[in-house]
C-alpha cells in the first residue's frame, strides 16, 4: 500500500484549483471545462515535442502562449492507468517539459517588459527634465516681467509725488507772481505821480533860474546813460539765458530720469529761495520809495517857503530902492535917515544871499533824492530781471514735468499692452473686481473695517482684502475698482477688449455677484444720464464711432443684435413682437407660449439659438430703443435685499461682419455682454411662491457654472456644460477661443461679508482657468450671416 501511494501521480493543490477557477468568469467556467476535453492542449508545444524532446532557448523564444493554453497546461493531468507507473512518469515528464518551455517564454516576456520599462523610464526622465527646463525659463521670464512692472509702478508713484509737489509750488509761485504784479502796478503809479511832480518842479526851476535848467539837462543825460546801461544789462541777461539754455540741453541729453527728478527738486528749492529774496527786495524798494516820496514832499514845501521869502524880500528891496530914490529927490530928508535906509538895504541884500544859499542846498538835496530814485529804479530793474529768470525757470520746469508725465503715460500704456499680451498667451479668463458704494440701507459706514485696498507696489490697483471675524483674506485680480470708481473709469479699462470685436475676435463680458451688488448698474447703468451709462451702451457707442472712422479705410460693417433671458431654465426672446410686456405673462412658463428655443454649436465653435429674433442695426439710437424694449420685458421682482432684483440671466449679443472693399478681407466678430442674476440666501431674501422657484433656478444655474469652472481649473476630461442652459450657452466663452472677462461685484455691507468672500473665491478660480488662446475670425470669402453667440 505504501508503494502504491508513492508511485501514484501527485494530486494538484487545492490552491492551484482555486486560482485557476478564480481567473475564469463564472459564466464561462463550464465552457472552459468542456472545451478541454475536445481539443488538443498546447498544440504548438506538442508539435515541437514531436520533432525534438528538449527545445533550445531560441526555439522557446519563438513559442507564444495564450492565457487559455497556460491555464490548460496547469490543469493537465496524467491519463495512464492506475497501476501504470511508467506511463504516468512519461506523461509527467512531457508536462514538465511543456512547463519549462512556458516558463522560459514567460522569462523572455518579463525581460522584454523590464527593458521596455527602463526605456519608458528614461524617456519619462528626459521629458520631465525638458519640462522642468521650460518651466524654469517661463518662471524666469515671468519674474523679469514682474520686476519690470514693479519698477514701472515705483517710478509712477515717485513721479506722481513729485508732480503733486510741483503743482503746489507752481500754485505758490503763481500767487506770489500775482502779488508782485499788484505791488509793481502800485509802484509804477507812485513813480508816475512822482515824476509828474518832479516835472513841475523842473518847470518852476527853469522859470526861476537857468541853473535848474542845466541840472535838468544833466539829469536827462544821466537818464540816457541809465537807459544804455539797462539795454546793455538786458543783452547780458539774454546771453546768459542762451548760455543757460545750452547748458540745460546738454544736461538733458546726459542725465537720466532720476537725475531729472533731483534737478527738479533743486530748482524748486532755489526758486522758492529766489522768490523769498525777491519778495524781501521788493518790500525794501517800496519802503525806499515811500521815504523818498516823503523827502521830496518836504523839500518841495521848504523850496516853496524859500521862494515865498525870496519874493517877499525882493519886493521889499524894490520898495526900499524906490523910497531911497524918492528920499534922495526929496529935499526935506536928512542924511541920517538915508544911512538907515542904506543899512536896511544891505541887510536885505544879505538876507537875499542867504536865501540863495538855502535854495542851492535844497537843489543839492533834490539831486541827492533823484540819485536815490535812480538807485531804486536800478533795483527794480534788477528785481524784474530776476523775476524773468525765475519765470523762465518755471517754464523749463513745466516742460520737464510735461515730458515726465508723457513718459509716465507711455510707460502705463506699455505695461497694459504687456499685461494683455501675457493674458492672451496664457489663455486665462480676465477678472475685474468692483466694490459698490455703501447705501443708506446698509449697516452703517463700516466699509473700512470690512474692505481694504493694499497700497504696495505689486497690489496697487489689483489687490483687495476682506476682513471677517478679525481674519484678513487677500485677493489679487487683473483690476480692482473701489467704491469711488466712475462708469467712465471702468469702461476705459475694457475699451480695448471691446475694440477686439471689430477686429474679428469673439468677446464675452459677464457680471457675477450676489443680488444687490451692482451687476446691472455696471452692465446697463442709467442710460438717460450720460455720466451713469453702463458698459453695454458705452461699448455700442464706441463700436459705432470706430466703425465710422474705419469707413475711410475702405471698411463696411454689418451689425445684428439679439437679446434673450434665461428664466427658470427656459430661454425667452426679449425682442419678440408677440411677447406681452405684462409682468404676469413675463413670469409665465415659456412652455405655455408654444415656442421652444434650442441651443446648438457648429464645427466652427459658433453657438446658435433657434427661432431667436435677430435685428439688423445701423445706429446707436436704434439699439437704445431695443435695449429699452428688452428692459421692459425682462423679469424683475422685489425681494428683501433688492427693490428691483433681476430674476433671470440677461444675454446681449452683437454680431459684427466687416468687409474691406480694397483688400477683399472679411472679419467676423461677436460681442456678448451678460448680466447674470445674483445669488441669494433664502433666509435673507425672504422669497416665497414664484420668488422661491426663481431663486432655486438661479442658484442651480450658478452652481452649475461653479461646477464648470472647477472642472476647467482641474483640467478634467469631462466638463459638465450641459447641466444648465446658462453653461451650455456660455460653452464657447468658457471653453473656446474667445476673449473672456468677468466682473465680480461685491457689496461693502458688513452683513454680506460671507457672500462677498464666496464671490471673490469663485472669481479667483475663474482667473486661474485656461480656456485657450483667442483666435481671430478672418477670411477672404463671405461667411454665414446667422447670429452666433460664440
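Cβ from N, Cα, C; glycine included.
Annotation comment: Swiss-Prot describes 1-66 as region 'Globular'.
What Swiss-Prot lists as region 'Disordered' is 1-56 (among others).
What Swiss-Prot records for 16-33 (among others) is compositional bias 'Basic and acidic residues'.
Under the heading compositional bias 'Polar residues', Swiss-Prot lists 34-55.
For 116-139 (among others), the entry in Swiss-Prot reads region 'Disordered'.
Here Swiss-Prot flags 117-316 (among others) as coiled coil.
The compositional bias 'Basic and acidic residues' annotation in Swiss-Prot covers 127-139 (among others).
Sequence annotations record features per position, and here Swiss-Prot assigns coiled coil to 347-426 (among others). In the predicted model, residues of the coiled coil (347-426) average a pLDDT of 76.
What Swiss-Prot records for 428-769 is domain 'Kinesin motor'.
Annotation source Swiss-Prot lists ATP binding site at 513, 514, 515, 516, 517, 518, 519, 520, citing sequence analysis. Annotation note: residue 515 (ATP binding site) sits in a coil segment as assigned by DSSP.
Helix, strand and coil counts from DSSP across the compositional bias 'Basic and acidic residues' (127-139) read 13 helix, 0 strand, 0 coil. Under 8 Å, Cβ to Cβ, and six or more positions away along its own chain, residue 513 (ATP binding site) finds 519, 678, 679, 743, 744, 745, 746, 747, 759. Here residue 517 (ATP binding site) comes close to 436, 678, 745, 746, 747, 752, 756, 759: these same-chain residues lie at least six apart in sequence, with C-beta atoms under 8 angstroms from its C-beta. Secondary structure at residue 520 (ATP binding site), as computed by DSSP, is helix.
For residue 516 (ATP binding site), other Cβ atoms within 10 Å of its Cβ number 27.
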